[in-house]
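Engineer: Here it is, the structure in full.
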Amino acid sequence: MMSSRTRKIYLFVFMFISTSLQLMNGEAKAEPETFRQFLYNKQKGTVLGRTGTSWCQITVFYIIFYIFLSAFFIGCLAIFLKTLDPKVPRFYGKGTIIGVNPGVGYQPWLKENPDSTLIKFNLQDSKSWEPYVKQLDGYFSRYNNTNDTRECGAEDSNEALQTDPDSLPCRFDLGLFEKANCGAKDQYGFKSGKPCVVVSLNRLIGWRPVDYDGNSVPEEIKSRYKSGSITINCEGATPFDKEHLGKVKYIPEAGIDGRYYPYVFLPSYQQPIAMVKFDTIPRNKLVIVECRAYASNIEHDVSTRIGMVYFELFVEDKKPVAAPAA
């Protein structure tokens with residue numbers, strides 16, 4: 001069997017003889033092509049190394065190739081989109097980024113100052129509390145559209161929304177807030193110095209409150225707790241705040257009505273809420289308020305503020321300072 005070294009010797013001899021024969025026959029060695037000739041070679045009729053026919057062939061090839069590639073991509077995308085439900089995330093619940101513990105939010109929250117949790121106004125200056133009233137007007141305006149909703153009695157709920165595509169969500173009644181002087185006609189209590197704050201839960205697909213078992217109801221809500229509801233409890237964040245917060249009224253007293261759950265992604269869905277009225281909030285003192293939502297499946301963590309929300313109340317009662325003359 002021929003070794004590798006022997007093959008290399010034979011190859012060298014063959015190349016040497018071939019080169020010698022070319023020189024003996026007067027054949028000149030081909031000159032290297034210059035860059036200018038590469039761009040355009042007049043003798044060969046090429047541009048960038050290709051003739052016109054070659055350029056046409058490769059252009060047609062890539063057009064057909066990318067058409068098929070695009071069609072394949074669009075087909076795969078269409079098949080993937082068919083597997084998605086526009087109303088429900090593919091993954092939700094425990095172990096997902098959405099999670100199972102709803103967050104707590106509040107209104108009014110001024111969009112002009114989104115990083116601030118301070119609700120501050122002066123009783124003697126209507127311009128200071130009007131922005132909060134307008135914010136709440138805009139927030140409640142979403143409940144004015146009652147199309148594709150239904151009136152629900154005490155025994156009705158949104159339970160069928162997940163299984164029956166023809167079921168309509170329950171219409172949320174704002175009348176209980178008006179009766180408690182926390183409606184638009186009372187400027188949500190801001191004009192009288194008894195501000196009403198909306199407390200709500202974040203929308204979690206499929207989430208519903210779980211009742212406490214027997215004697216497991218927390219002591220702070222035991223007198224107001226009602227089966228099927230998410231009870232809201234607000235108190236001062238520090239001993240100073242607890243001392244000065246004053247009387248707090250909850251509307252409704254049991255908190256957010258659980259029959260409006262579970263939440264589903266429908267344009268006509270009306271989110272259930274509760275309002276907290278601060279009847280005797282002190283004047284000219286800053287009070288930090290902590291509001292918690294209570295149900296058996298709502299956890300609380302002060303460090304991450306899970307299941308709770310914080311905001312500050314500062315109600316002034318003094319003559320506004322006149323702006324200096326220009």
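In case you wondered, yes, glycine gets a Cβ from its N, Cα and C as well.
These numbers come from a predicted model, not from an experiment.
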Engineer: Consult Swiss-Prot and report which candidate among Cys170, Cys182, Cys291 shares a disulfide bond with Cys234.
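Structural biologist: So the cysteine that Swiss-Prot bonds to Cys234 would be Cys291.
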Engineer: Cα of Cys234 (disulfide bond) to Cα of Asn147 (N-linked glycosylation site): how many Å, rounded?
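Structural biologist: Cys234 (disulfide bond) and Asn147 (N-linked glycosylation site) have their Cα atoms 34 Å apart.
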Engineer: DSSP three-state call for Asn147 (N-linked glycosylation site): helix, strand or coil?
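Structural biologist: Looking at the DSSP assignment, Asn147 (N-linked glycosylation site) belongs to neither helix nor strand, so coil.
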Engineer: About how far apart, in whole Å, are the alpha carbons (Cα) of Asn147 (N-linked glycosylation site) and Cys291 (disulfide bond)?
Structural biologist: 32
Engineer: Can you give me the same-chain residues 6 or more apart in sequence from Cys291 (disulfide bond) with a CB-CB distance under 8 Å?
Structural biologist: Val104, Tyr106, Val197, Val199, Ile232, Asn233, Cys234, Val276, Met308, Val309, Tyr310, Phe311
